[in-house]
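As given in TrEMBL:
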{"type": "DOMAIN", "residues": "B:39-134", "note": "domain 'HPt'"}
{"type": "MOD_RES", "residues": "B:H80", "note": "phosphohistidine"}
Amino acid sequence: MGTSMNGSWKLGNKMTALVVDDDSINQTIHHRLLEKLGIENQVARNGKEAIDIHCSGKKFDLILMDRDMPIMNGIEATRKLRAMGIRSLIAGVSTRSLKQEIQEFMEAGLDDYQEKPLTSAKIISILHKIDHSGSISLTRT
Amino acid sequence: MDSVIQLQRQLVDYTAQLFNEGILDDQFNQLQQLQDESNPDFVVEVVTLFFEDSERLLNELAKALEQQSVDYRKIDAHVHQLKGSSSSIGAQRVQKVCIAFRNCCEDRNIEGCQKCLQQVKHEYSLVKTKLETLFKVRGKKGKNKSNLFRMNTVAQATDFCLYDRSLSRRFWQQEGQFLGQYNKVKTIAEDHSQRKQNGILDM
């Protein structure tokens, strides 16, 4: 039993996502989690790669942003993306649980924050924040 | 057929034991749910990444603790990574030792750190052995032709395995016995296949 997404988002295209994480285990798991939910996704290894991908013109419905990464971390990358005018749903993902650390990350421009490790339930709860007009429907398979 | 069912039951019990002992937690279930026909080796792939990562980190930690002047920040960074990856695959006991390890780093307690390193090495080695046994018996990448767990029909099972009364009587507690049993059944299955091929078939 699983849950699949029938997403119609922006001109009826399939939902897209960007996984930003420096850890290969998390990259593999998050990529697969999204794939299983029917969300097309690609992976960036750090904040700078995430910015570069956006500069090349690509846009995503959802960005899963890890906090601690080399070259450019998640806080800085989130700030930069918002400054660039990116309005995608950005969910911060981290193992850090201190209130002020979460606050700091949220203030960079996050729409949501989830503690690692991610599960499909957590991703679904992030997605419920995307669009309250119900353009996303979740069906059980 | 009976022996296949027994072995399947033992696999279920073996897996349940790992959860009961806290060696694995629910995150491992999450990984198993991500595996299907389109991604049949997902769990093995992720766990392999974990093994590679962990071995590298454990080496780095050993080296760092041997230094004249210990760099606690570096050690903390490595442990943080190990904590993250162990929690991602559900290696609960490894994760727990990492938490204690980080506390020792914070206190700049060299003896505590050394003790934690030994503990984390022990827990890592334990979960590695258990997972390797699990994968061996479950079979990986379809190369294991006598993978008893891919058999769903009686016809398939009898094709590969002789009925052996003695297999159904014992309940395996020890891992060594479990593996020994698996090897025994495998040998019987291969022998059976060979006999069938040679035209000598006894059931």
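Each residue, glycine too, has its Cβ placed from N, Cα and C.
Just so you know, TrEMBL annotations are computer predictions that nobody has curated.
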Count up the helix, strand and coil residues in the domain 'HPt' (B:39-134) according to DSSP, in that order.
83 helix, 1 strand, 12 coil
Cβ atoms near B:H80 (phosphohistidine) (within 10 Å, other residues, all chains):
18
For the domain 'HPt' (B:39-134), what is the mean per-residue pLDDT, to the nearest integer?
95
